[in-house]
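Some notes on the structure that comes next.
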């Protein structure tokens, strides 16, 4: 049963680990690049569906810091796809009221990618229907470590202030639900601070297969859970012992 602390009327923050592009392609005798291209199509579908399903913030794990270890050709292809997405989706994002933010390091990205990110963020800055956050060259542990280094120079610190140092944004809602596709069951260094009390949903579906129905299924499971945030399970009236029976 859903806790009052997260009602259905609230706009949720959902994070998705988009996993399984390569395996989806390999099983079909296709190149891994074709799998990543299909994954971009899924991003379009989910970005469109998210606001209709009560999501206000959507964080997508696109490229981790550890992904630099992949073959250079695959990394180059992923960067090309990212540049293509940024260049071709901005107009649609603006039209649909989507604000885009890219989180993670930018100093190691090709100049063309970094510039495309800046242009896309500026163009979509006033979107209010959905906040789309794409994690590129991202590591949650690095984000926490960098925040701690900045916090060391402060004389006082609140949890809210530290959260802003970690996320780079004031007032960002903590993550309510993290979804991972492909059947893997781990967080892979994703949203470790802001997802401290996130519910987890793992699906066998590969990312290119994931659709609005799968998203709705994950959200239905989420709304069926009781979020305790460290507290105790709610006790139903019939479970409370009567003094007359004590």
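We count from 1, first residue shown onward.
Even glycines carry a Cβ here, placed using N, Cα and C.
Here's what Swiss-Prot has on this protein:
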type	residues	note
ACT_SITE	19	active site
ACT_SITE	67	active site, proton acceptor
BINDING	19, 199	Mg(2+) binding site
BINDING	20-24, 32, 36, 64-66, 68, 70, 180, 186-188	substrate binding site
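With respect to their backbone Cα atoms, residue 68 (substrate binding site) and the residue listed as 'active site' stand 16 Å from each other. A simple Cβ count within 10 Å picks out one of the recorded positions 19, 199 as the most packed, and that one is 19.
Between the listed binding-site residues, namely 20, 22, the fewest other CB atoms within 10 angstroms of a CB are found at 22. Among the listed binding-site residues, namely 24, 68, the Cβ with the most fellow Cβ atoms inside 10 Å is that of 24. According to its DSSP assignment, residue 180 (substrate binding site) is in a strand. Here residue 36 (substrate binding site) is compared against the recorded positions 19, 67, 199, and the shortest C-alpha distance is to 19. Between the alpha carbons (Cα) of residue 24 (substrate binding site) and the residue listed as 'active site, proton acceptor' lies a span of roughly 18 Å. In sequence order, 17, 178, 180, 195 are the residues near residue 187 (substrate binding site), counting only same-chain partners six or more apart with C-beta under 8 A. DSSP classifies residue 20 (substrate binding site) as coil under the three-state reduction. Nearest to residue 19 (active site) in space, judged by Cα atoms and limited to the recorded positions 65, 67, 199, is 67.
Under the DSSP three-state reduction, residue 68 (substrate binding site) is assigned to helix.
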